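Participant: Found this in Swiss-Prot, in case it helps:
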| type | residues | note |
| --- | --- | --- |
| ACT_SITE | E119 | active site, proton acceptor |
| ACT_SITE | C369 | active site, S-methylcysteine intermediate |
| BINDING | C139, C143, C146 | [4Fe-4S] cluster binding site |
| BINDING | G193, E194, S225, S247, L248, H249, N326 | S-adenosyl-L-methionine binding site |
| DISULFID | C132-C369 | disulfide bond |
| DOMAIN | 125-364 | domain 'Radical SAM core' |
Amino acid sequence: MLEPITSEHIVSENNSLTTQSVNAEQPAVAKINLLDLNRQQLREFFAKMGEKPFRADQVMKWMYHYCCDDFEQMTDINKVLRNKLQSVAEIRAPEVAEEQRSADGTIKWAIKVGDQQVETVYIPDGDRATLCVSSQVGCALECKFCSTAQQGFNRNLRVSEIIGQVWRAAKIIGALKVTGERPITNVVMMGMGEPLLNLNNVVPAMEIMLDDFGFGLSKRRVTLSTSGVVPALDKLGDMIDVALAISLHAPNDKIRDDIVPINRKYNIETFLAAVRRYLAKSNANQGRVTVEYVMLDHINDSTDDAHQLAEVLKDTPCKINLIPWNPFPGAPYGRSSNSRVDRFSKVLMEYGFTTIVRKTRGDDIDAACGQLAGEVIDRTKRTLKKKMAGEPISVRAV
């Protein structure tokens, strides 16, 4: 059964994004992590210290353009303020627990978040460098083809743990002001977790990605992927404008109810209506959404499925990414053959859809789509139920 979506998963009506105190008078043992603050919050923090707003901009440039986490190195800030910052604040990104490098250049990092881990994937491709970022430890949505979903939901990541993945990757690859080149050109919120179930932290993190004093990415180069949390998608459109990708994976409700269980709450028609509402507000998407469709052998990959998919998407401007399924231990599916993928793709193109078969990257290090699992201390009710029922538990360490 799909775990209920609670207030722990999603922003409430009365909860603002500025949920963390920015009181600079805290004792040293409770230093505020500046990676938790977007630019507006950082300016409020400096105002409480009696400083001008431009000080926030200066510090932010050091943090994100230089990947600097040492106030003493911020040479255009006076010594008195640097000392004050040392006493009340810190710049602390999550650390790398383990690094794996693929033969194709993909890098997967296991990132320490408290006593647990999430995974972040760096995918270089010519002049593009895409970072796949996690938003939660585990996931509540139980998509059957996804390794992360087998863990269940553990907790939401903080802003500093989300933007910290980008910061840490940029630090490793080489900061903009150090190398003269952007270490990361694109960010996709397609790692572990459902981003729309962590809006309070995902949105401020994306604001930092877009901010000129942050990572300065174009809104067309920051992509949020969702499986269809409709109320949160409607909220997203009022909060920020970024590129949208949807994890559809089925041509009809019967199949999607089984493999993407949130469909039982928000069916395809309801989901696509919300997508069109978002597109109507968005400039980042240039009028169309990216549809993600994982190819599962003899589950959703027939030519009849392709015709149904074309029909269901006829009123939703989109491009379609067909994703070869990437196996993980204990999974009940097989990968569609190349011939079935090719036939499926040709049907969609005959209907006029831009259709791309995604190139699998990093599968030799379990960094491909659907393979991210991380190493977690699993406290979920789902795992407890499995233990009590004597069922096998599939949580793969990195």
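Cβ atoms here come from the backbone N, Cα and C positions, even for glycine.
Since this is a predicted model, take the numbers as computed values, not measurements.
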Participant: Considering Cα atoms only, can you say which of E119, C132, C139, C143, C146 is the nearest neighbour of E194 (S-adenosyl-L-methionine binding site) among these recorded positions?
Facilitator: C139
Participant: What is the separation, in Å, between the Cα atoms of the residue listed as 'active site, proton acceptor' and S247 (S-adenosyl-L-methionine binding site)?
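Facilitator: Rounded to the nearest whole number, the Cα-Cα distance is 19 Å.
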Participant: Please state how far apart, in Å and to a whole number, the two most distant Cα atoms are among G193, E194, S225, S247, L248, H249, N326, the recorded S-adenosyl-L-methionine-binding residues.
Facilitator: 19
Participant: Roughly how many Å lie between the Cα atoms of N326 (S-adenosyl-L-methionine binding site) and C146 ([4Fe-4S] cluster binding site), rounded to a whole value?
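Facilitator: Spelling it out, the Cα of N326 (S-adenosyl-L-methionine binding site) and the Cα of C146 ([4Fe-4S] cluster binding site) are 9 Å apart.
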Participant: Do me a favour and check the Cα-Cα span between C139 ([4Fe-4S] cluster binding site) and H249 (S-adenosyl-L-methionine binding site); whole Å is fine.
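Facilitator: So the alpha carbons of C139 ([4Fe-4S] cluster binding site) and H249 (S-adenosyl-L-methionine binding site) sit roughly 17 Å from each other.
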Participant: With every protein chain in view, how many other Cβ atoms are within 10 Å of the Cβ of S225 (S-adenosyl-L-methionine binding site)?
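Facilitator: By my count, 21.
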Participant: Which residue, out of the binding-site residues C143, C146, G193, S247, shows the minimum number of other Cβ atoms inside 10 Å of its Cβ in this structure?
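Facilitator: Lowest Cβ count within 10 Å among the binding-site residues (C143, C146, G193, S247) is C143.
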